[in-house]
Amino acid sequence: MSSRYRVEYNLKVHKKDAFIEWIKGLLAVPFVLQAGTDSGAERTYKQYCSIFSDIENLVSQKIEIQNRRRQLGSLEEARLDQLVPQVGTFFTHLPLVEAFEVQNRRRAICSRKMVSPSFNDIRHILNSAQILALLKSKELKLVTFDGDVTLYEDGGSIERGGKIVTRIITLLKRGINVGVVTAAGYDDPDKYKERLYGLCFALFSDKSMSLEQKSKLTVMGGESNYLFQYFETSEQFGFKSIDDDEWVPSSVKAWSDDDIDATLDVAQTCFGELSHLLALPSKCQIIRKKRAVGFVPGFIFDDELEVNVKIKIPREALEEMVLVVQKKLESYPPAQNIQFSCFDGGSDVWCDIGGKDLGVSILQNFYQTDSPITAAQTLHIGDQFAPKGSANDFKARSAGCTLWISSPRETIEVLDDLLPYL
């Protein structure tokens, strides 16, 4: 296996994004022409800045046209939409030149002679630009997080003393609403207390914070199906369920149970058929919940180690299952009457009713019922932003600003960029 193959394939962890790939192509030209020359780094820096300045202007133009289309019904098309048809909605201007300068100091992008600006370089630049934009606006009111691979490792939890704990508490102390929008779907609030125990314990132990500040922490479980809010008494702490009448939108209340059950039935049948077709181990299981169905790895006995070990489902099989189920449901009439989300969780596959766009939107309304928090005042941090199919954070792009991270360590890094200036 060649090194290039390994590098390109490993990028599938973040699934290629059309906007990032387009920027990557623009930056490749000055890199090829200038790298290795006597004045290469300086000239490359100037050309990169010029490119990012042009992209900045294209984003600003797109926002202006978005506003005209919304307010005046204009049919005008932005130049950026013509160049990158898959590009989504922008809610803030992006200071890309300033963000590039930040990341160039950290990653020495212009000093490299053999490796051109990569997918991850550009991802970090876009993250920095979004942070800078929110800081300049001074309007950030809601920060939402994915769970696995964002706040903690896949299948893990927030431990006592974890680095992420102090960062989230700082957000709460500064009056920012914080929501954990996770695919983990439990109707029992104690399950979320277990996953977020280190954070809950720290909140309970912090006597300098008011209960009002602490109650700004919520959990949206099953992407958009269960809402819980932090609470404490003199002896207890954890999460309490919020009554459906206080947060479930009327549009969601209109979904019929028959359509929901039929959609999950089809997904469940597909998982079963694909399990046989892809020759996956019989120990793998299909789990059916009230508003979700998943295909998860089981355990198999390792004769050499003499212990049960978790089955590893091949990445290709996970992606195949997601895309097949997604395509099947897109043409299934009952599924068109509701919202659903199919995604690859890294070691398993799920089909949920609802989606993270809906989950974030619900929190925007829950925190400010009379005047909902806007997309430009919202920041969602997650690790799954693939443009289609296998990533559930992607939908959150339509509900607010986003940061694309790849690990809990990166979550801490972006919060460290944000918090000192809030």
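Cβ coordinates come from backbone N, Cα and C, glycine included.
For the Mg(2+) site, Swiss-Prot gives Asp146, Asp148; the one candidate out of Asp370, Asp383, Asp416 that the record lists there too is Asp383.
For Arg106 (ATP binding site), the nearest of the binding-site residues by C-alpha distance turns out to be Asp383; the candidates were Asp146, Thr182, Asp348, Lys356, Asp383. Secondary structure at Asp348 (IMP binding site), as computed by DSSP, is coil. Across the structure, Asp383 (Mg(2+) binding site) and Asp154 (IMP binding site) are spaced 11 Å apart at their Cα atoms. The shortest Cα-Cα distance between Asp154 (IMP binding site) and any of the binding-site residues His124, Asp146, Asp148 is the one to Asp148. Closest to Asp148 (Mg(2+) binding site) in space, going by CA atoms and restricting to the binding-site residues His124, Thr182, Asp348, Lys356, is Thr182.
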